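Q: Take a look at this one; I'll ask things after.
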Amino acid sequence: MDAPLIELSGVVKSFGPVSVLKGVDLKAYPGKVTALVGDNGAGKSTLIKGLAGVQPYDGGTVRFDGKPVALHHPRDASRLGIEVVYQDLALCDNLDIVQNMFLGREETEFGTFDEGVMEKEASDTLRSLSVRTVKSVRQKVSSLSGGQRQTVAIARAVLKNARLVILDEPTAALGVAQTEQVLHLVRRLADQGVAVILISHNLADVFEVADHIDVLYLGQMVAHLDADQTSRDDVVGYITGAKVQQGASA
Amino acid sequence: MSTPQTPQTTGPAPDTSVNDVNDLIGSGQEGGVADQARAYLQRLQHGDMGALPAVAGLVVLAILFSFLSPFFLTERNFANLLTQAATLVMLGMALVFVLLLGEIDLSAGVTSGMTMALFIVLVNVHAVPWMLALAIAFAAGILTGTFIGFFVARVGIPSFVVTLGLFLGYQGLTLMIIGSGGLYRVQIPEIRDIQNSNMPVWAGWAMLGVILLISAGMSFWDRARRTRAGVPNRTVALVWIKLGVIAVVGGAAIAVLSRNRGQSVGVVEGVPIVVPIVLLILWIGTFVLDRTKFGRYLYAIGGNAEAARRSGVKVMAIRWTAFIVCSTLAVVAGLFSISKVGSVDAAAGREIVLSGVAAAVVGGVSLFGGRGRLMHAAIGALVIAVITNGLGLLNLPAGVNLMVTGGVLILAATVDAISRVRAGGSLMRT
């Protein structure tokens, strides 16, 4: 197996007396989808916020490309190519797809927008993800369906050399067909060599798309599983704490 | 780009048509005039009406008043209308900058009143050179915006509250600057000229030429840049149509203004000086809103402030700046006002701010933020000015004017809301 793109070991985080992450290990590999599952309160969000640099960890080491890195600020994360697509997507309804994808990092020439360059890059990115549901990149986001919005949010994340994309419940609000579309997109993202961490409650989605499944239980990583060598019942067992994998947690 | 080096690999996803999708994403620029017209109609159906209702209203009102009053369609009244509207146009445009954020500045009117009181007292009482006094007035405007911005963007007080406080406070300040019962005449020729003098006839035509040149230049520059980037352009016919419309409408207006409209008092002809000033500010403001990060971020924050923040937009700084821009442009509106009225009293600017908000809303600017253009506010202000002007010509009581204006405002808001509901959106949206 390849070397992991990102490797967390012994990560801890507590809020006052409440210890949320109690020494967590996590690896994500380029070209692979790593699903992060766990019940509410298991610490998934805290783990992700640490990776995004929004809420730095208290302790433990983070290695990126094998080198130890510090993630103290969102800037640190984006410099490394870590992008997070949050559940609420954070898109501006009143702007079009190109404007949303480039928000905060517009291409300018003499201080004014170079719309052509942005439009080209946006549609190239969408094409590279084989997006075929979007009619025009100049559509307002308000006119898009839930699945299309998710698509735009993901395309926005990979626009600028993303190497690790973290997706927080990307299918939670979607219907069946749109869920399918987004899962294809997640798969294609990985096929392009991006390391993907997928957070989901929906085990059917997880089994459809993930290569690895990591289970978080009350702040501890209780299982690292290969998706094709485990079963839904096993995963549920780990999530609910009924099962514990030997030697999974450091 | 994200790892574009790896060509499209056939993933395990059971996609059927992966190979043929590459050309399906358009940019909305394709097709000829007919296609573009169809796309525009589609946008209208989706509730994206822009200034269209206001333009239609303007035309209907103009036709109506030209039947009702023989004076409405005269050269003299047309010039009069423009100068009457100038203050409201300017104030409406000033407010757009904060309305786009979903904020409001109730103190814009009294800011123009207070700064003009300061200006005129400095000149008339303290014999300060008028240019210096004007600079001080603008500084006071900038300071006002900084003050509002501090409390709204930094401290986090709703702009309605902060500017309501200022609305009250500045009335008092103006009263103290002017003194009780005071009224100061504006005697500076340059200031009076803004609204009371006209450009030479040739300068009006030259202005139209410059507008056409700039408009064509920008259009073709944009096209060249798009071509260089390898994305499609709209059909070039649209550029000619746009230039044609500017030439015809602008040409007609200038032709009317170029005729002698002085009745027995000698020759009065040419475009009022205030017109090119308004157009210049409109152009610069539109350029900033459409083509710079500051403008784009105003729309983004108005649409979804949290999304903007996560994208690295300095939300606080942008908010703060918007209030400074609004207050500064309010000073310009004040200048137009005192030039037209010819005097400053303690009540200056008290009434007009809500008309400014009404102008923006009639023109299609959203009070919820994120939607609207400077042009919309300008057109909305013209609608209100036409109502005032037309009803004035009919010798109707002053009360009727306010009632009609109020009715038009509600009508405009209703048209906007219904078009949105029919398009499937909700009433409360960007």
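Heads up, the Cβ atoms here are built off N, Cα and C, so glycines get one too.
Heads up, TrEMBL stuff is auto-annotated, nobody curated it.
Found this in TrEMBL, in case it helps:
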- B:1-16: compositional bias 'Low complexity' (COMPBIAS)
- B:1-21: region 'Disordered' (REGION)
- B:51-72: transmembrane segment (TRANSMEM)
- B:78-101: transmembrane segment (TRANSMEM)
- B:108-125: transmembrane segment (TRANSMEM)
- B:131-153: transmembrane segment (TRANSMEM)
- B:160-182: transmembrane segment (TRANSMEM)
- B:202-224: transmembrane segment (TRANSMEM)
- B:236-258: transmembrane segment (TRANSMEM)
- B:270-289: transmembrane segment (TRANSMEM)
- B:317-339: transmembrane segment (TRANSMEM)
- B:351-370: transmembrane segment (TRANSMEM)
- B:377-394: transmembrane segment (TRANSMEM)
Q: Could you give the residue numbers and ranges of same-chain residues that sit at least 6 residues beyond the transmembrane segment (B:236-258) on either side and whose C-beta is under 8 angstroms from one of its C-beta atoms?
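A: For the transmembrane segment (B:236-258), the sequence-distant neighbours (Cβ-Cβ under 8 Å, at least 6 residues beyond its ends) are 32-33, 36, 75, 78-79, 198, 201, 204-205, 207-208, 211-212, 215-216, 219-220, 223, 269-272.
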Q: Run the contact check on the transmembrane segment (B:377-394) against the transmembrane segment (B:131-153): 3 or more C-beta pairs under 8 Å, excluding pairs closer than 6 in sequence.
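A: Counting Cβ pairs under 8 Å (6 or more apart in sequence), the transmembrane segment (B:377-394) does not reach the transmembrane segment (B:131-153), since there are fewer than 3.
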Q: Could you check whether the transmembrane segment (B:51-72) packs against the transmembrane segment (B:351-370) - three or more CB pairs closer than 8 Å, residues at least 6 apart in sequence?
A: yes
Q: Other than its close neighbours in sequence, what residues sit by the transmembrane segment (B:108-125), given a CB gap under 8 Å and a spacing of at least six beyond its ends?
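A: Residues 91, 94-95, 132-134, 136-138, 140-141, 144, 163, 166-167, 170-171, 173-174, 177-178, 184-188, 326-327, 330-331, 333-335, 337-338, 344, 346-354, 356 contact the transmembrane segment (B:108-125) from elsewhere in the chain.
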